[in-house]
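> Take a look at the following structure, please.
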């Protein structure tokens, strides 16, 4: 029984790689460790002040996580010896080690991480299994039906919807089906086993000059099967599409048998598309084992860019116009002023006087010469892809539109830094947790005409709720428009606050998050654009898809999995 | 049972909150005229005026607002629709819209405000002894203006209302409101323009049929609100109440100003109830004439100049109470299905769902009840109530004694009594009589209704003059009814049922409440709560004892119960006369005008013959309310015809109601009174 390599590289109680994290060094200055990211090893002199100013956090007030798992706290497994015997006969590897079980008991919601740092889950998987191919999965599901066990599929573990949490009242043995060993390829037409992790998939395709172009922010850790099961969305969806546009064929093992289409035609009119039962099913119907995914040649040329706007309103109007003209670059994101200032605080120490002089000059030009108010302006970051000539042409078109909304081009470097931040920002929460700051991100999608109202109202609601619930410090409440569509946009919020002086911060946090979601729905936003529902957002499903809609899903579940083998209780 | 279910479901949404009678805390009053009498009006008018503004304000000129309105998706959509319907080119309709906007829109200018501030100082000082307001309310308002768009909802008793309000806001350095005023004002030369420049905008009294007008108007109001340009002010009652009873609310403007929040175009909206109460109403005699059918003079500038003679008279004190700002967000939480507006683009006109309409109506009633709660009651109001029960005259000492008794009762009922400088009863009564010497006289220690020239005229003139005085007096008594209506209806019900079974008393109460819902403000759908409130107040002053099955009047209580019943008698009797008239006199169908004149004659004859003393039946207000109630209860039908509305009464149904009203037949079993 082998413990997979990836797990050893990752933090057991936080986000990402063990060697990569924000710390305050001996001089009390922030630093990002490790060599994996561009920010790695750099000193960030502005971050401390930003945390003090924006969140009221102080370096003197520190909380500490326990440093390692105390295995005696871990609930003992509910064992099913016959099942284990059958696994051994089938030569499928498994583990009952406490570390392995706890590692797969959670995603990355705030409350889950806090439990790792300070508490213990009530219920965790009893056994982890590592199938290596579709047939293994079919066998495991068959055995689970035979012994009446509960299966929770596990991919990369990056869920933020409590989807991986074990239902506390589940009395059967819970099998965590970890797909991470299913990653050998049968052929290079991108027929891939579903356990592969995003970055490995891109790397392997890259060796042959191809890519899928699907790049969710979690792609370093999340798996192909997970993307399918949650209806994931990638940063560059404007060129490559979201996961539902990318998959050509899916194979899923269910208690009722294997579901798949009979051919790989690019489009079919054969009644409702059965893929839509699988996409976003969140592990309640079965395990995705194999996926055929579209691939594209790696683009010849990539270019980052950025635009500064006078204010958020102008920025949104510009994005709307770009979407209308259908000329959005591979990625376009608009961050509000708060997030712009936050990005600023993550600027590394400059290496020469010359750079700092240049920065000063730029700042002078924008604020004094062009009249941009540093407390109002906001920034759009851009990523263009394609062949060189077309990229340059495209770039000009986008900057021309931006100019109509008095947007100023603000350089490649700012754009690139913006995208780099999306990968490291997840690490920042762990730093915050050390200093009494808890936070989370959440997202929605909304028609264009409501984008501004929704952003303003949700942010204001968060501030109001914090005040009413006794939060002593002003919260961080900020958003960005992170994807554009013909009919609307995806909006992403960050919310964090300093909980010093509050006795039950996690409860307060949850109440505020619920209020924020209520506010989103009241403003015509959706329950989720790409995070999914899990157990965290179940309460709003009925109003999101109607009684009849919910009934349809339930009847599918009833047919496919009458004994609730896939008993993670997500979605319905 | 169905009704009971509907009622309880409506109860579920707790817009209505049970009042706390024991610990009602109200702010102190300050007189603002005092300072005006001591320092220069000119300096006051020229003072530095820098009001606090809404935090989300995007500053713009009135002309820019016009452009925003004309270019708005909402208006452009309606213009396109109209163009399709009528075949007219969009440009012409756009031009029309632009004209409507010009006619309507305000043009706030500081200069005009300064002129107003100066001249109003002069006028107010001459007319009024004191203008008193609660400064804490002003502070709350100042805070509210910075946080969210604010809607000012004053009560409406006089033309002075909105002048006074703007004047007060100017005095306290608060943004002047954009006021929805009737078009009648605009035709007044100069004054119209001055009003416009001090922030008023004008709406036609009726424009229900005119889609373009409605669209322009709604968009204009919403634009002002969303930009946070200025607080918006309008009168829920729609028009000045001639009887000093709060009028049932109109929903049009309220639904417009609520829409931006309901569609989440703003985070929240504050509604501020404001109670403006006059010790002596400027238009008191005019109103009485109007109620008796003497046509209302058109507002003209020269008319206003003639009104100058009133400048030499004393109109006592004014009390203005700024209520607590009410957050629309709080009112709507858990109440409104948020998907309502999510499936239609927000610029498309959308008829509010039934749920939303109910909500708007509840909000309107709630705000009016809040106005009522903070209306100040002066000694004269108590005197008027007593006097009307003791016509033609009452001994001065007795009057003073009864006034004192009523003062205690009013306080027990939670009335907002302001007793001038802790004067003893006799002095307070004497000074009130002096202030209202046009209505009452003190002759040989007898207080008599002013009946100048009464013995000289024809019977007709005598009745008319008598009615005038009584209606004028009644307008003051009516202000007490606001506080007394629930216990009074319990008292009337006790008397009408002749027995003390709680269930039957409640049945009668609910019946009366239904009949009088156009006369008085009842929160929709909570008859039982109103009944309990009435009983609670009566129990509190030991007038009744409530057991599980019965309601018993105590010995002490019989005085109170008969006083309350007598106070309510004009309404009960008036309605009886109206029903009698309708049963005997009319054809199958009639228009309102026929009804009013026929009923007027009928009443006149009764009064002239001395077979009734209910002069208030001559009030067109009561007549119209009675008819509206019959329509509401399904006893009469209102049909639209070419020349206005026609009414038809079902005599059978009316007969039944009339008989119940005269306690000749028992009232139907009360509907599921869970007592």
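Note that the numbers count up from 1, one per residue, in the order the chain is shown.
Cβ coordinates are placed from backbone N, Cα and C, and glycine is handled just like the others.
No curator has checked TrEMBL annotations; they are predicted automatically.
As annotated by TrEMBL, active site, proton donor/acceptor applies to A:492. Residues annotated as FAD binding site in TrEMBL: A:153-159, A:230-233, A:282-288. Annotation comment: TrEMBL describes A:429 as substrate binding site. As annotated by TrEMBL, domain 'FAD-binding PCMH-type' applies to A:121-298. TrEMBL lists A:333 with the feature site 'Important for enzyme activity'.
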> Mean pLDDT for the domain 'FAD-binding PCMH-type' (A:121-298), rounded to an integer?
90
> Specify the count of other C-beta atoms within 10 Å of the C-beta of residue A:153 (FAD binding site).
31
> Can you tell me how far the Cα of residue A:232 (FAD binding site) sits from the Cα of residue A:492 (active site, proton donor/acceptor), in Å?
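Rounded to a whole number, the Cα-Cα distance is 14 Å.
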> State the three-class DSSP label for residue A:429 (substrate binding site), counting H, G and I as helix, E and B as strand, and everything else as coil.
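DSSP assigns residue A:429 (substrate binding site) to helix.
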> Are there residues of the same chain, six or more positions away from residue A:283 (FAD binding site), whose CB falls under 8 angstroms from its CB, and which are they?
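Long-range Cβ contacts: A:152, A:153, A:163, A:229, A:566, A:568, A:570.
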> At a 10 A cut-off on CB-CB distances, which of the recorded positions A:333, A:429 has the highest count?
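Answer by Cβ density within 10 Å: A:333.
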> Counting only residues 6+ away in sequence within the same chain, which have a CB under 8 Å from the CB of residue A:286 (FAD binding site)?
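Long-range Cβ contacts: A:141, A:153, A:252, A:253, A:254, A:255, A:259, A:560, A:561, A:566.
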> Using only C-alpha positions, which one of A:156, A:159, A:333, A:429 is spatially nearest the residue listed as 'active site, proton donor/acceptor'? These are the recorded positions in the record.
A:333
> Once near-sequence residues are set aside, which residues in the chain of residue A:156 (FAD binding site), 6 or more away, have Cβ atoms under 8 Å from its Cβ?
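Listed in sequence order, they are A:180, A:197, A:198, A:218, A:221, A:222, A:223, A:226.
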> Out of A:159, A:492, which of the recorded positions has the smallest number of neighbouring Cβ atoms within 10 Å?
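Among the recorded positions A:159, A:492, the sparsest Cβ neighbourhood within 10 Å belongs to A:492.
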> Round to the nearest Å and give the CA-to-CA distance linking residue A:429 (substrate binding site) with residue A:333 (site 'Important for enzyme activity').
21
> Between residue A:159 (FAD binding site) and residue A:333 (site 'Important for enzyme activity'), how many Å separate their Cα atoms?
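Between the Cα atoms of residue A:159 (FAD binding site) and residue A:333 (site 'Important for enzyme activity'), the distance comes to 22 Å.
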